[in-house]
């Protein structure tokens, strides 16, 4: 089953005080030109659920989308785009950081990276920052169609090797993804589905005395 199918827009917020009361959340984040909005639209099988722009940094707020199981997908502002006023950029950084560190409903992070340029400095900073939460991370190496099959295999292997220091201490996984070729949808569903199943199981198990 596609967890993201039929997702619908719920609300958008620009301050943590306006965060909605939700059960569980999966957040999507990435550099401003990594293909995050396209990945969300592909996973949800919706042409314009998340706005796709040729201008990086278009997502300027935290957008919530309700999934058919009642949980939520959260589209976070892209990072690394500097062509905005400093005050606006600082607000994005604080909003993003506070949400990732403080949001109790957040059970995992889907991090989108361009397969041609994975693990750039800001991506590594994001991994280091989120690592302190202990929550799982799944990386989508987007735009994989821009690489040959051999390049895809090589890139995936290299990224897995570079992630080893993180995966030794944290649940972190990575896959190839292409919005154009609809590549990797099932794998992303399985990974996120396992997070939701684990969270549901933990919530329903009796508390230890």
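Cβ from N, Cα, C; glycine included.
According to Swiss-Prot, the Mg(2+) binding site annotation covers 37, 59, on the basis of sequence analysis. DSSP classifies residue 37 (Mg(2+) binding site) as helix under the three-state reduction.
Marked as domain 'EngB-type G' by Swiss-Prot on the basis of sequence analysis: 22-198.
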So residue 37 (Mg(2+) binding site), by the Cβ count within 10 Å over all chains shown, scores 23
Mean pLDDT across the domain 'EngB-type G' (22-198) comes out at 89
